[in-house]
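Swiss-Prot lists His552 with the feature active site, proton acceptor, giving similarity to another entry as the kind of evidence. If you look up Swiss-Prot, you'll see Ala61, Ser62, Glu82, Ala83, Asn144, Leu145, Met146, Ala147, Ala586, Pro597, Leu598 marked as FAD binding site. The N-linked glycosylation site annotation in Swiss-Prot covers Asn92, Asn172, Asn182, Asn256, Asn284, Asn312, Asn421, and the record cites sequence analysis as its basis. Residues or ranges marked as signal peptide in Swiss-Prot (evidence: sequence analysis): 1-22.
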Amino acid sequence: MAGSPFTTALLSAWTLSTVAVGYPNGPWYQTPLGPDVVRDPTRYPGAIEKTVDYVVVGGGASGLTVAARLSEDPSVTVAIVEAGSFYQEVSNASVVPGYAADYLTGHIPPELDWGFNTEPQAGADGRVKHYTNAKTLGGNSAFNLMAYMTTSVGAMQKWAEEVDDDSWTYANVTRYFQKSLNFTGIDPHKRRANSTPELNPADVGYGGPLDVTYPNYAQPFSSWVKKAFDQVGMRPVGGFMSGELFGSSWVLDTINHTDGQRASSAKTFLEPILHRRENLFLYNRTLAERVLFDADRTATGVQASRGKTVFNLTATKEVVLTAGGLMTPQLLQVSGVGNAALLQELRIPVVLDAPQVGQQMEDHISFGVAHRVDVETNSALKYAGPRQHAVEEFNEAQAGILSSPGPDFGGFADIPSELRNFSASTHADLAGLPKDWPEGFFISFPVDVGFPQDGYNYAMIVCTLMTPMSRGHISIRSPSMHDRPVIDPRWLTSTSDVEIAVAAVRRIRQYLQMPVLERNVLVGGEVAPGPEVQTFAEIHDYLKKNFNSMSHPACTCRMGKKGDPDAVVDPKGRVFGVKNLRIADASVFRFLPPGLPLGVVYMVAEKIADDIKHDQKHGAGEEGLRTEF
């Protein structure tokens, strides 16, 4: 593929394999918790052995949700084990919404990222790619683009049918979506009138820990993209919160309406309760080394380390794994639950032969088409004048371009008939999905992902592929959690993924050619992929060099019904074949449903936390105790 200077910059930005040392251009708008919290020995026990009711491994979105819910009962003791600490101690890049997209270009302080790389990827021309995975309280809710939405009714119906449990239908999980939420409407004095979202108040939640709102700044480019989507007949829907995705909407974000900061799980679920609950203990900067089992395959606790000190945390009721789609299967395997042949090769004592652990990995990828535009975008933040103005506006009023993560408007759609030159295998793959499952999420993307520093503004329309059929896996290379897992997502190795992605690039071009954009916003010709990239092979080559993982690893400890050979957990998150061990993160997803997954992550955590409470009160039953696969 012929490469323009812009394409070269885009390639280097979106496929970075290392992380930057820091973020140089941030407004120094810090809110550290202070020594009264960070050094409190009762809330931060250090490397001290302790016995509690529940040990929760992983302090991300799911883990902090589970820990907060379990510790609502003052008679129940909960320990959280998290390898990272408070991101506010390191940088404000996870505080200011306008810096969210910079994580896509590698502006990740190394203290906050695990530094994982994939195996060489055939779908990326054999390259090794960095895989962002948060090492901080809040997990990926401290790194992501902050979008919150639910999924489709049909997707959850498919989930419920495949796990043989109607409690997973959309109607039955709606209360768990809403339970977390504290929705606040827009500030009309800060957000433009022509970007007022339409949202049914009954579709959101109020009074929960997790703040969701619309940013105080609407991107000008997004207002024009909305007009283009209107021109092609994409109808408005209410915030992607009703179980219906097809259509366009302004996107809800996890932002605190009062201070304008990112509302991560650390800020919303943990920080308000950490001082007030004497039954909650945070082991930050502490690595879970392995799950401990007795001779009866009952999880009894976790071996952990802080620095060079190794110690045990004992769980009298359950161990709950919430380390995410990459590290939960890694932890299971180093603990002896996995493929027996691999475990024996690595001299790990086999607790349970479970070869499905780490398999069935799904992920979302994204890619886009870029233009120079005649409106302000986040690319202006490269220059001192606009940057200083943005800093002042955010610090003084939590307004302006830094109050928004950037990608604030999008639409879910299928590829239109004139572009559907798909193979029989692709048609067969799509036929297995519910009718309300869109093929792509097309997003206004007015943020800097390697744009030239030439004084102009640039933007993209990006597609996140909603129908990933490529399947990867997570494995281990040693018996130690200190070593990186084997990460092989196998992106773009499915024929259907390639064909739909190529068609999606062509569909983005159609959107950008709508008169309302061409006449009012776009300046000059397409800069990436570039007008010379036209054939299927040329677009495919562009995709291989420029797609980006959304870092949504899921399904690696898949949920299923009794007798499902691919299932690791039952519909209540209980690990088959062992006792007192549950998983409550994205690794248990039956599949990666349409929509962006943050809302589903919180929902799953809320639901499984409720299941834990119910089982402890009424008895667990036998579903999670199956010992053969």
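Numbers run from 1 along the shown chain.
The backbone N, Cα and C atoms fix where each Cβ goes, glycine too.
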Within 10 Å, the Cβ with the most other Cβ atoms among the binding-site residues Ala61, Met146, Leu598 is that of Ala61
So among the recorded positions Asn92, Asn144, Asn284, who's got the most Cβ atoms within 10 Å?
Asn144
Determine, from DSSP, whether Leu598 (FAD binding site) sits in helix, strand or coil.
helix
Asn312 (N-linked glycosylation site) - helix vs strand vs coil (DSSP)
strand
Given the glycosylation sites Asn172, Asn182, Asn256, Asn284, Asn312, Asn421, tell me which ones have a C-alpha lying within 10 Å of the C-alpha of Leu598 (FAD binding site).
none
Find the one among the recorded positions Asn172, Asn421, His552 whose C-alpha lies closest to that of Ala61 (FAD binding site).
His552
In whole Å, how far is Asn144 (FAD binding site) from Asn92 (N-linked glycosylation site) when you measure between their Cα atoms?
14
Here the Cα-Cα span from His552 (active site, proton acceptor) to Ala586 (FAD binding site), rounded to a whole number of angstrom, reaches 8
Indicate whether Glu82 (FAD binding site) is helix, strand or coil by DSSP.
coil
